Amino acid sequence: MRALARAPWPLAVAALYLFSRVISTVILLAVAQTQPASPWGEARPSYLSYISIWDAEWYQRIFAVGYPDAVPRASDGSARANTWAFLPVFPLLVRAVAPLFGGGWMPAASVVAVLAGLAASLAMFALFERMMRKEAALWATLLVLCCPVGLLFQAPYAEGLHVALLALVLLCLGTRRFFAAAPLILVAALTRPTGAPMALALAVLALAWMRPAARARLSSSDFAGLMTALVAAFAGALAWPVIAWLGTGEPSAYTDTETVWRGGPLELFQPWAERARGLAGEGWWAVCLILALGAAALLAAPAVRRMGVTVWAWSASYILYLAAVFDPQTSTIRLLLPLFPLVGAAAVGWRSARISPLEGEAAQAARPRAGRSAGTSAGLAGAPWGLWAWLAVGVALQAVWVAVLWRWTELPGGGDYPP
C-alpha cells in the first residue's frame, strides 16, 4: 500500500478497484459452479447471467417496460410485488447507454455497474482523504470494496452508483459546497431510498451550523446554499412517493408496494421488536437494548465523532432510519453499505488523533505529521497485520455472503432468503 500511496491517486484507487473486482469475480464464478437451476435459469450460469439475478431482475423490468400505471393487487386488495419499490436512476441510466452496447440489458447493465463501482471508489477515496492521510484513505477504500457485500460494486444493482453519489454529497456538505450538494442529493434520493435519512441529516447539520461559533464561519452565500441543500433533501425524501402517486393515481402506491416484502403494514420500529421476540421470547427487550447500546457506542466513539458533524449526522440518521422503517432480515447486511464512512475509523485503528474533521478549515494541513510512522501501516492500525486482518475477514465474509445468500437454494416452503 505504501507504494500505491506514492502513485497519483486516481491510478492508485483504480488499481485497488481492479484488485477488489478480481476477488469478487473469482468468488462469484466459483459459487456459480455450484449453483443448481434457479428461477433465473439453468445450473452453472455464466457470469452475466449470474450477476443479473435477485434485484437486478427488477431493474431489468424497469429498463424494459418502465413502471405500471396501477399498483397490482391481490383479490383482497393487498399490493403485489412490483417495480414501484425500485428507484429509477440506475435502470434509466442503463437504458440511456444501452444503444452503445447493442440495445439490450446486458452487457450495458454490467458496464454501467462496473463504471459506477469505479466512480464510487474514487469518490470514497476523495472523502476519506479529506479526513486522513493518503495511505489510510487508500486502506479505507479497499476495506469497503472488499466488504461482505463488495460484489455490489460490479453487480447491476443501484448500490455502487448510490455510494458514489453519497460520498460526493458528504464531501460537498463537509467542505461547504452546499449548492453543489443539492442536485446530488436529489439524484441520490432517486437512486436508493435514502431521502428520509438524508433530510434528517441535513436538519441536524443545519442546526449545527446555526450555533453562534459555527454561524460566524458561514458567508451569506454559504447560508443560502445550506438552506438550498436542506430543501433539496426534504424534496428528495418526498419525490418518489409523490411520483408513484402521480404515476398510479394512488397516494399510498409506494408505501403499499414497499411493504409487500414485509408482509404487513408500515409500523415504525415494530419489526425489530418482533424479530427480537422471535429470537429471545420474553427477553426481546434485552436484544433491542443491546443493539441500541451498540449503535450508540459506535456513534459515541471518539474516532467517529472526530470525523465531523457531517459524517456523524448522516450515520446517526441512517441508523435511526433503518431501525424505524426496515424489517430486519438477510438483506439488512446489504442495507448497511451506506454507513461506509465509518470504515475510515477502522482504517486508522480507531485512533481519533489520526483523523481530521471533514469540516475543518484546513483539513489537509491538520493531519498528523509527527513522524514517519503516521504514514505507515503500523501507524494507521497499531500493527501492519491489523489492516490485513480486516481485509481478510472482509473477503472471507464476502465469500460466505455470495455462497449463502446470492446463491439460490430453494427453501422447503419455496423461495429463498434474499441477499
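Using the three backbone atoms N, Cα and C, a Cβ is placed for every residue, glycine included.
According to TrEMBL, the transmembrane segment annotation covers 12-32 (among others). Here the transmembrane segment (12-32) has Cβ contacts under 8 Å with residues 4-5, 44-47, 50-51, 114, 117-118, 121-122, 125, 138, 141-142, 145-146, 150-151, 153-154, 395, 398-399, 402-403, 406-407 of the same chain, all six or more residues outside its ends.
If you look up TrEMBL, you'll see 108-128 (among others) marked as transmembrane segment.
Within the same chain, residues 1, 4-5, 12-13, 16-17, 19-21, 23-25, 27-28, 51-52, 55-56, 59-60, 90, 94, 105, 109-110, 112-114, 116-117, 120-121, 124-125, 128-129, 131, 163, 333-334, 336-337, 340, 343-344, 346-347, 377, 380-381, 387, 390-391, 394-395, 397-398, 400-402, 406, 419 sit at least 6 positions outside the transmembrane segment (137-157) and bring their C-beta atoms closer than 8 Å to a C-beta of that stretch. Annotation comment: TrEMBL describes 137-157 (among others) as transmembrane segment.
As annotated by TrEMBL, transmembrane segment applies to 194-211 (among others).
Through the fold, the transmembrane segment (223-246) approaches residues 67, 84, 87, 173, 176-179, 181-183, 185-186, 188-190, 193, 195-196, 198-199, 201-203, 205-206, 209, 252-255, 257 of its own chain, all at least 6 residues removed from its boundaries and within a Cβ separation under 8 Å. Taken from TrEMBL, the feature transmembrane segment applies to 223-246 (among others).
Marked as transmembrane segment by TrEMBL: 284-303 (among others).
Same-chain residues lying 6+ beyond the ends of the transmembrane segment (309-326) with a Cβ under 8 Å from its Cβ atoms: 131, 166, 170, 173-174, 194, 196-198, 200-202, 204-205, 208, 266, 268-269, 271-272, 295, 298-299, 332, 335-336, 338-339, 341-342, 357-359. Positions annotated as transmembrane segment by TrEMBL: 309-326 (among others).
The annotation transmembrane segment is assigned in TrEMBL to 387-406 (among others). Sequence-distant contacts of the transmembrane segment (387-406), counting only residues of its own chain at least 6 positions beyond either end whose CB sits under 8 Å from a CB of the stretch, comprise 1, 23-24, 27-28, 31, 34, 53-54, 139, 142-143, 146-151, 330, 333, 346-347, 377, 380-381, 417-419.
Beyond the transmembrane segment (284-303), the same-chain residues lying 6 or more positions past its ends with a Cβ under 8 Å from any Cβ of the stretch are 272-273, 276-277, 312, 315-316, 319, 323, 342, 345, 348, 350-352, 355.
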